Amino acid sequence: MVYFLSFLVPQQIQLTDQKQEFNKRQTKTGRRSLSRSISQSSTDSYSSVCSDSSEDETSPREKDQKTSKGLTDFCIKNIKQAEFGRKEIEIAEQEMPALMILKKRAGGEKPLAGAKVVGCTHITAQTAVLIETLVALGAQCRWSACNIFSTQNAVAAALAEAGTAVFAWRGESEDDFWWCIDKCVGARSWQPNMILDDGGDLTHWIYKKYQSIFKRIRGIVEESVTGVYRLYQLSKASRLCVPAMNVNDSVTKQKFDNLYCCKESILDGLKRTTDVMFGGKQVVVCGYGEVGKGCCAALKALGAVVYVTEVDPICALQNTMKFCFNSFHSPSLPLSMDGFRVTKLSETIRHVDMVITCTGNKNVVGREHLDKMKNGCIVCNMGHSNTEIDLASLRTTELKWEHVRPQVDHIIWPDGKRIVLLAEGRLLNLSCSTVPSFVLSITATTQALALIELFNAPEGRYKQDVYLLPKKMDEYVASLHLATFDAHLTELTDDQAKYLGISKHGPFKPNYYRCRQTSPHTQNAHKHTDVSNRKYFLKHRY
């Protein structure tokens, strides 16, 4: 089905060959000093990722900066940090094997030659590896940040020094955020033909302000639930005039990035900002999708008592049936199948120590909940958008905001009660810590292949709609990462493959298979992908 099969996939995946290729922290009152006793290396790491302070407080928009080659088409915090940022990128490359393989195999053919990719994602070392892979495959790139707190300034400097037009820095204002996006899109001598988005802000900006450019876009690749929802809304209203790939609902994104990335990074973000001890803490996690599952598992492993809120009965049941097994031992504690009690936020909000949102929805935690929280309760968000916590209701004259540390604010009520708000309700892990490079390698490779497919697809293959990645591509992305673990796949015999009615080389699951319940919009997208691509796909199996 897909273009990448023609030059990336041999007759059978050779995992051994791939391995050889790749080898060559809450205060009680908040009035005491917020000091920490940590090593110098930890201080350096914390500062490089989370600090929003700088000796030079001048806005990057007011600076004249040049790279060593005299390039000026960028706007970042400090170009002098490029050398340090390059080291960060090189470290990330060691944990992103599939992109390295992709760059080596397809670099000569330049499948993205002529592609002008405008991107709006978190600008981290991992994303830099993706950007530079796209450049190696022939693309021209211009990039901005999808989150005002997640940009790693040194990495942005390294990208600019290497020639990528980057407009982003940590601690942007809302005005800066949209200015940066506009600088990427509105260049006089450069117009994009591909969009790589995370959250849909870039797509929304081009659709609203640059409609002539939007109509000439050849494809959109979107990786977040927020952005995908926006695309489906456009499609439903018949206003989506370009094909789009829904990466968020790919199996590789859901099972790995959403689950394992959040499982490891939620604790890191909380520790760096609050120094909190998790053992014995009562935590409520709003939403039990893959992100919620990862957060719950990590918190439970460190001894936290975890409650879950859910609207979906299927997710709630995953979370609930363990009661059947545990009730013999703890009849007073009805648990879920995964060991967590399913409850309403209003039932637990008065006594929990921590509230974490993971839904992708809006106003999940409202003022009525915030008013009932205990003193010192930590509130944070692990969903993409900052809409899950009703921050507007907190910006009133009766409440006092006290900034105590980078990405940490205390909201103080008239009676002296305070809650601890992290990253102003924005994405905790990328705003306050770092994330595992290996997991992001999986998502980044999927994004790269989706760009290649959309850019190279013959006219007519993709209509003006939202598509899901074919299962073959999901399986291929997974296979590229197996060699890191020296994993060896079992091969079906011809007889076994015939019995199952599949090719012995895959795909091993049908295109409509997903690791979680999907919305009606997504179900329709499954059907569209199947109908549009089956004939072509069958010609290009292994």
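Residue positions begin at 1 at the first shown residue.
Keep in mind that glycine also has a Cβ here, set from the backbone N, Cα and C atoms.
On a predicted model such as this, the values are computed, not experimentally measured, just so you know.
Under the heading substrate binding site, TrEMBL lists T124, D198, E223, K253, D257. The NAD(+) binding site feature in TrEMBL is assigned to G289, E290, V291, G292, K293, G294, E310, N429. According to TrEMBL, the compositional bias 'Basic residues' annotation covers 25-34. Marked as compositional bias 'Low complexity' by TrEMBL: 35-52. Annotation comment: TrEMBL describes 58-67 as compositional bias 'Basic and acidic residues'. Feature annotation from TrEMBL assigns domain 'S-adenosyl-L-homocysteine hydrolase NAD binding' to 258-435. Annotation source TrEMBL lists region 'Disordered' at 20-69.
The separation of V291 (NAD(+) binding site) from D257 (substrate binding site), Cα to Cα, is 9 Å. Mean model confidence for the domain 'S-adenosyl-L-homocysteine hydrolase NAD binding' (258-435) is a pLDDT of 88. The binding-site residues listed here are G289, G292, G294; among them, G292 has the most other Cβ atoms within 10 Å of its own Cβ. For the compositional bias 'Basic and acidic residues' (58-67), the DSSP-based tally of helix, strand and coil residues reads 3 helix, 0 strand, 7 coil. For the binding site of NAD(+), formed by G289, E290, V291, G292, K293, G294, E310, N429 according to the record, the largest Cα to Cα distance is 22 Å, rounded to a whole number. Sparsest Cβ environment among the binding-site residues E223, D257, E290 (other Cβ atoms counted within 10 Å): E290. The substrate site in the record is lined by T124, D198, E223, K253, D257, and its two most distant CA atoms lie 18 Å apart. Looking only at the binding-site residues T124, D198, K253, the one with its C-alpha closest to V291 (NAD(+) binding site) is K253. Note on proximity: of the binding-site residues T124, D198, E223, K253, the one nearest G289 (NAD(+) binding site) is K253, by Cα distance. Proximity of N429 (NAD(+) binding site) to non-local residues of its own chain (separation of 6 or more, Cβ distance below 8 Å) is seen for C261, C262, S265, I266, D268, G269, M382, V435, given in sequence order.
A separation of roughly 13 Å, to the nearest angstrom, links the Cα atoms of K253 (substrate binding site) and G294 (NAD(+) binding site). Using a 10 Å radius centred on the Cβ of E310 (NAD(+) binding site) and all shown protein chains, the other Cβ atoms total 24.
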